[in-house]
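K.L.:
Here it is: the structure, laid out below.
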Amino acid sequence: MSSYLLIIKTELPTAISEFLSGDHSGSWYLNGQTLLIIICVVIVFPLALLPKIGFLGYTSSLSFFFMVFFALVIVIKKWSIPCPLTLNCIEHYFQISNATDDCKPKLFHFSKESAYAIPTMAFSFLCHTSVLPIYCELQRSSRKRMQNVSNIAIVFSFLIYFISALFGYLTFYGKVTSDILQDYSKYLPHDVVVRTVKLCILFAVLLTVPLIHFPARKALMMMFFSNFPFSWIHHFLITLAVNIIIVLLAIYVPDIKHVFGVVGSSTSTCLIFVFPGLFYLKLSREDFLSWKKLGAFILLIFGILVGNFSLALIIFNWINNK
């Protein structure tokens, strides 16, 4: 949650300033911390207070359509930026050249930044903590219906992000950066559609925070108040405390890439690889040499190796950059 709010704090002032003309430096609406606090009070906290996750399905649908819009714009803008890349794209707006090596896609590209790739991808799986609350509120809940929901959600998410990543790379090739929207702002600085997409993405990120907050609050309620009946006072205080903590973290953490890298290589790899393998090995009564138990063991070892290797590379990069 703090990672998503950190994105809002960093990117929203820039997105707003692109719609303004003249010098507005020093204005409160261009201060990331001020905007973050206002948004959390007005949008995040009220949505996080909702006792059931069902209503958040509407906000998730809105976020999904924002991401579809994002993917469509990236596909269309592929033919609006020339290759080789030039900073003066207005003069070469419809010129596309694939004559140089810079405009040839490479199947693999490894650098020291690759250490952040797997942890960042693993970071996205933190949203899977919402599966159990969604299952509890699913009409006629069953494993089959929940599997259908999961399959549809994963397929659509994969298609959107795969298309975005593919056409983003085929637009900038070796010049693509970790924040692809900054690339479009750099080469199409006055494009209103690109500016609108940035705002849509920020709203999509913002509306995801209450969805992740729900299982976090539910876990705290079960840990400390499982033997008590539902209380709005407990509900309100835990929601308020969690929101204050994530806002403070978002204000004082300097760089989102480090958050994605560290959380992805530690917490995310545990949630995706380590814990599922451990749970299956602990709960299954099958023979250890069975295919399923061997698969769970391989998943466990893979998660430990990937997490430690990525975290070590990230720390190594920190030391070298000092």
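In case you wondered, yes, glycine gets a Cβ from its N, Cα and C as well.
Below are the features listed in TrEMBL for this protein:
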DOMAIN    2-315  domain 'Amino acid transporter transmembrane'
TRANSMEM  28-48  transmembrane segment
TRANSMEM  55-76  transmembrane segment
TRANSMEM  116-136  transmembrane segment
TRANSMEM  148-172  transmembrane segment
TRANSMEM  192-212  transmembrane segment
TRANSMEM  232-253  transmembrane segment
TRANSMEM  259-282  transmembrane segment
TRANSMEM  294-319  transmembrane segment
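Looking at the shown structure, can you explain where the listed features end up?
P.N.:
Away from its own ends, the transmembrane segment (148-172) comes close to residues 64, 67-68, 70-71, 74-75, 77-78, 81, 83, 85, 105, 131, 134, 138, 180, 183 of its chain (Cβ-Cβ under 8 Å, at least six residues beyond either end).
Non-local neighbours of the transmembrane segment (192-212) in the same chain are 1, 4-5, 7-8, 11-12, 14-15, 18-19, 39, 43-44, 47-48, 50, 53, 56, 59-60, 62-64, 66-67, 69-70, 73, 77, 126-127, 129-130, 181, 184-185, 246; each lies 6+ residues outside the stretch with a CB under 8 Å from one of its CB atoms.
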